[in-house]
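For reference, the structure is listed below as structure tokens.
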Amino acid sequence: MRLSRFAFQSHFGYLVSAFYPLTGYCDRMMLKKLGNQYGNIRKRLSDDFRLSIIMMFCIPAALAIGGFGVYRYLQGDWLMTMVDTLLVVLLFSISGFAWITGNTVLTGIVLVVFTGIGVLSVLYLAGLVGLFWAYVDTIATFFLSPPAFAIPKVLFMVGASVALGSASGLGPLALISFATTVFVVSIFAFSFARRSRAQARLLEEQAIRDPLTGAGNRRALEEELCIAIARVQRRESGAGLLMLDLDHFKEINDRYGHANGDEVLKRFADLVRTHSRHEDRLFRFGGEEFVLLLNNVRDESMILAARHIQQTIRDRLNTHGQPVTCSIGAALASPHDDWESWLHRADNAVYQAKTWGRDTIIVADHLPAGRR
Ligand SMILES: Nc1nc2c(ncn2[C@@H]2O[C@H](COP(=O)(O)OP(=O)(O)OP(=O)(O)O)[C@@H](O)[C@H]2O)c(=O)[nH]1
């Protein structure tokens, strides 16, 4: 049967319109997936200062050197084409290694060793154009490696570049100018890198700490709970939670003032930290509620830890001579838990401790609320 053009067009139209909602759905799904991936990449780069510097260095440098490689290839300069290609492959491999392993300190050092070798190779093979890359190498060295490594490396590079430059016929004045300008760039890069690193560390710290008590904040709590529950589910180790809630804290605020209340919170956090094990982690859940995450514990050791903390607070925390106490809800993680149900069980237990008259420890059932 011969299909007329009109009939074909309308059949095709039906076909497209029949599949259109599906293609629209796929597009939306794909866009959502791509959006999530982009969000994850951005988050990782903004969380990890050194990784972002490695990526910001490697990818533009690989593209720039790749451009030179194409130019050398068109010129028929095989040796320099090979050097450029090797550098591009190295830069992509190193950035991939940093991304996958997260070991940015080692990657940074390896990277600046290779950029140094690259600069000296270009200087040796292509002559004085290599000197321009020495500035890029100097800045990268201070940003990507620790000062104890960066300072001797830059000194070595200046010495080697001056020797190669003089062998290529550069006069003493030009060599002294080169060494001086690298020195000025080094001081700038060193102080700027140090400042940026300190600020990045401070921001990372602020993002996960409660400023008043120094305990981890809720974001840090969620992350640590996810890690702990994953270990419990793999049956690698047990983990327990103590939800600690100061008793009648509002009265302390009302009677002695908010600043005094703040002091009590700080002192409480210090006491819990100093009377728990090194591997335990304290978080401020909100207001006068804290969470102590106990790694590698069983039922008995979790209860012992809870008793020890409760006794310590009872004996050593007071305000204006008046003792301060806390109620504790304890929950041992079960392989059936997720972090939310585990936290929820500890929260329910502390609520029961309050209704039982406070200054009490209640241990939650082992099963998550939905499975009882
Ligand atoms: N000083 C100070 N007070 C805070 C802070 N965050 C929350 N609070 C106060 O903590 C008090 C908590 O009060 P409630 O939830 O009634 O708890 P409570 O008085 O301890 O009573 P129970 O928990 O039932 O024993 C409120 O008055 C909050 O204003 C803080 O950072 N500093």
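Going from the start of the chain as shown, residues are counted 1 onward.
The backbone N, Cα and C atoms fix where each Cβ goes, glycine too.
Curation plays no part in TrEMBL annotations; they are all automatic predictions.
If you check TrEMBL, you get these features:
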- 237-366: domain 'GGDEF' (DOMAIN)
- 12-31: transmembrane segment (TRANSMEM)
- 51-71: transmembrane segment (TRANSMEM)
- 78-100: transmembrane segment (TRANSMEM)
- 106-136: transmembrane segment (TRANSMEM)
- 148-167: transmembrane segment (TRANSMEM)
- 173-193: transmembrane segment (TRANSMEM)
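Simply put, out of 51-71, 106-136, 148-167, 173-193, 51-71 has the most Cβ pairs sitting under 8 Å from the transmembrane segment (78-100). Ranked by the number of CB pairs under 8 Å to the transmembrane segment (51-71), the listed stretches 106-136, 148-167, 173-193 are led by 106-136. Under 8 Å from some Cβ of the transmembrane segment (106-136) lie the Cβ atoms of residues 50, 53-54, 57-58, 61, 79-80, 83, 87, 90-91, 94, 97-98, 144-146, 149-150, 153, 156-158, 160-161, 164-165, 168, 170, 178, 181-182, 185, all in the same chain and six or more residues away from its ends.
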